[in-house]
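Feature annotations, reproduced from TrEMBL:
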DOMAIN    2-225  domain 'TOG'
REPEAT    161-199  repeat 'HEAT'
Amino acid sequence: MEAALEAARAKDTKQRLAGVERLHEALEAAARRGLTSAEVTSLVDACMDLTKDGNFRVAQGGLQALSAAAVLAGDHFKIHLNALVPAAVERLGDGKQPVRDAARQLLVTLMEVSSPTIIVERAGSYAWTHKSWRVREEFVRTVATAVGLFASTELPLQRVLLSPVLQLLNDLNQSVRDAAISCIEEMYRNMGSQFHEELQRHNLPSYMLKDINSRLDKIEPKARSSDGARMQYKVTQILPKNQWNP
């Protein structure tokens, strides 16, 4: 692990790319034994720098390594959340879609290993009103993913989300507004008729409420599972084979 981290810190871009690949291999090798607290700290420190790298494949690889480490590290990872959450939010505004996707993946993984509601609240304090419209859009899309994954067992999640998502329906950027309405539709799919009751609490203008309801009328809510089992995020989704090539 240390050799891989050292290689990932190289000044030469090609060497850093090779180092990131070695880091991913080291994480796969550690899947059975897990990671020590010291390894997690070293890895987080190195990957925080990688996520800001000027080469988008290095940045993407750093974010993916953090996602994999979060799954392997257990409680050792939680002490790093205060640094990781805002860092992931910032990468949602990256100019390259693969980096944005990797940042969204990291946030969802942090929700899985910690608490969806806590991560959304922490990330939202940076993301909901971020100056970059792309961050706002990507965060709403991340939240919609979280609703689909965790809504059945994380009941406070949707109430935490609804007010800021409704506010983004008035965002100046069309892409953000579109993402917000898509998120509302996902919330309805998971809450069903109860969602209409939640909407009433927010005293929306009648024209906005009418528009939302007309959209929701076209959607069939999901049937709730009998055991309310939580959808588990799979480690295989974190480090797909051959996702990127240095």
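Each Cβ is built from the backbone N, Cα and C atoms, and glycine gets one as well.
Curation does not apply to TrEMBL; its annotations are automatic.
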Distant-in-sequence neighbours of the repeat 'HEAT' (161-199), which means Cβ under 8 A and at least six residues beyond its ends: 120, 124, 128, 133-134, 136-138, 140-141, 143-144, 147-148, 151-152, 208-209, 212-213, 215-216, 219-222
DSSP helix/strand/coil residue counts for the repeat 'HEAT' (161-199): 34 helix, 0 strand, 5 coil
The repeat 'HEAT' (161-199) [mean pLDDT, rounded to integer]: 93
